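In what follows, a structure is listed as structure tokens, so that the remarks can point back to it.
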Amino acid sequence: MVRNQSRCFLGIIITISFFFFLLSLPNTFASPTRSLCRSDQRDALLELKKEFPIHSNGSHHVTTLSWNKTVDCCSWEGVTCDATLGEVISLNLVSYIANTSLKSSSSLFKLRHLRHLELSHCNLQGEIPSSIGNLSHLTYLDLSFNQLVGEFPVSIGNLNQLEYIDLWVNALGGNIPTSFANLTKLSELHLRQNQFTGGDIVLSNLTSLSIVDLSSNYFNSTISADLSQLHNLERFWVSENSFFGPFPSFLLMIPSLVDICLSENQFEGPINFGNTTSSSKLTELDVSYNNLDGLIPKSISTLVSLEHLELSHNNFRGQVPSSISKLVNLDGLYLSHNNFGGQVPSSIFKLVNLEHLDLSHNDFGGRVPSSISKLVNLSSLDLSYNKFEGHVPQCIWRSSKLDSVDLSYNSFNSFGRILELGDESLERDWDLSSNSLQGPIPQWICNFRFFSFLDFSNNHLNGSIPQCLKNSTDFYMLNLRNNSLSGFMPDFCMDGSMLGSLDVSLNNLVGKLPESFINCEWMEYLNVRGNKIKDTFPVWLGSLQYLTVLVLRSNTFYGPVYKASAYLGFPSMRIMDISNNNFVGSLPQDYFANWTEMSSVWQRPMLTLDYKRNIAIPGSNYMGDDNHQDSIDLVYKGVDTDFEQIFGGFKVIDFSGNRFSGHIPRSIGLLSELLHLNLSGNAFTGNIPPSLASITKLETLDLSRNNLSGEIPRGLGKLSFLSNINFSHNHLEGLVPQSTQFGSQNCSSFMGNPRLYGLDQICGETHVPIPTSLHPEEPLLEPEETVLNWIAAAIAFGPGVFCGLVIGHIFTSYKHKWLMAKFCRNKRKTTIGTS
């Protein structure tokens, strides 16, 4: 019995032991436990946290907020450790705004086992310290988008394990050190947008290189033929430098190369493709903006893999070789700004994969071959600034993919016979300006419902503007300037309209300005100059918060420009030209108080809206966008000037040639950023407001042909940018400000103000007015007045002498009796009065 119990107990013990044995198996055969972060690594990171304090506007994506002693540093955000040794091997602080410099003593360089270091977008300043050479295990280094300066430290050569360097967008300069030759494992080198200079770049030893990007620096040497030894090179980008010499054809011998960008340098001479074989992998070749010349060699056909060929902005001449038809993979061909001539070769139209074709700014002529219709994949076509003639190519109307067309500055004279229209829903961007197009705008144009941009300006079009265009709600820019269009203006701005720019200037339009424009909430530019529009001032346009340019010049607008119940000001206005109309009335003193854009310092916008793709893109210095910029005609400095681009900071007011009266509003002085002010040819009265002296950037001021009086404010003489002044034909008086700006004006700028003086140096003897304000009790006399006064004195002299003799005789003969009688009578009166 006892033996059985013992056996039972022993069995239980064995069973339990076996159970625990099974539980221990996973740990027994598992890999060793991951080591915790080493204390020296943790302490170095905590010191680094103190060196890189958290900035108030720093990114919350990666921060050091999680870095504290209570947590294993290998689990900290941005930190990666070696699982076995507990050493920090990767540090990623992208967009951690440090606003500090890297010092040689930084605890960062105590992390000697780092393999991956990423400190981009950290606002790091100062130089790269030589201590960077201590991180000899680094394979990946990214310090891009900071504010680093100075030269590469020579110690960079110690990082012989480096495979990737990215220093994009800093201010590093000087030569690349020769120690760079030690980086034999380097695969990618990104130095774009710095200030590196110098001659030969020692890269030939770096045979592992696959990507070299030296763009946007100041390198000024030839491209060394030793680079042909880089047999793994795939992308070579050196645009925007000062590299010179012949085209480096040896690059084409590198069999692995797929992308070459040499644009915006100083390469010169003919281009040749050496002994390039048909096995070339090159897909992109960009040599634009250089000084290359001569003919394009037939051997270009050997680059059979080419997809993008950019030869624009050089001096190539002759005809495009027919062998180009062998480049069947081309989707982009850019030959603009050269001297190519003759007819467009039909070989181009065999490139059926072409999506982008740019032949602009050449000497191509004749009719565009109908075979262009074979380019069924074409989405953008630019034939502008050539000598093409005849009718517009039919493929433009028929294509279902062609959304961007520029045929401007040619001699096309007809829209052609339209047999078929393409996809009506495709958003289009057409520029047919500056041709010889005749007749009315065809009604079928309205079948294309989506136009982002349509430019028919500077042609010979007549008839009325198709009313159906008002249904094209996706219009952003419409330019019909300088034609012979007549009739009424359509209601372009129906509900939901995207119209942002409308130019119908220099036509024969009549009627009123459509009040539907109030629905154009995106309107920025409106130009109706030089028509026959008869209407009152559109005060209601003040509700358009983006309206920047308003030109009503040379129409028959009439009446006041101010209504107390409706006036809102023009807060976004930069250019207003309402000259040569029939506007009347006075302006209230606070008229310009709400023109806030005129008093704001203009800054180039970081981003702007791409209306076609509905995305944000880098801002432009000019009104409009990068593809289509607004233009304008203005009387500037007394000369009718055509501005093909409108600088964003260009701010102008022209109210000239009307019948405004009353005082010039004092609030004009609030427009501190105004550059050009023209109030001439009106009936303004009163003094010139001294507040004008507050417009410190004013360049031109024309107040001529008014009824202004008083003195010219002395403060105007301190406006250092004022270069063109006209105060002529007013009633001004007093001393003209004695300043360089006033002294450099023509005498005619002050004529018609006879009481102005201080013009001796300007006008010489032709106009020296009376300085009335110096000695008003003793006015200076003109020579003719002096002669007349002497004649008057001579005439009065004879009678004066006769009267004097008679009075003298009476006085001497009867003086005793007369004096006694007079004196005694007065004395008696005094005595009686005091008694």
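The backbone N, Cα and C atoms fix where each Cβ goes, and this holds for glycine too.
Among the features that Swiss-Prot reports, signal peptide is placed at 1-30, with the record citing sequence analysis.
Residues or ranges marked as repeat 'LRR 4' in Swiss-Prot: 183-208. Residues belonging to the repeat 'LRR 4' (183-208) score a mean pLDDT of 89 in the model.
Annotation comment: Swiss-Prot describes 303-327 as repeat 'LRR 9', evidence class sequence analysis. With helix defined as DSSP H, G or I and strand as E or B, the repeat 'LRR 9' (303-327) counts 5 helix, 7 strand, 13 coil.
Sorting the repeat 'LRR 12' (376-399) by DSSP state (H, G, I as helix; E, B as strand; all else coil) yields 4 helix, 8 strand, 12 coil. According to Swiss-Prot, the feature repeat 'LRR 12' maps to 376-399, an assignment based on sequence analysis.
For 791-811, the entry in Swiss-Prot reads transmembrane segment.
DSSP places the residues of the repeat 'LRR 4' (183-208) in helix, strand and coil in these numbers: 0 helix, 5 strand, 21 coil.
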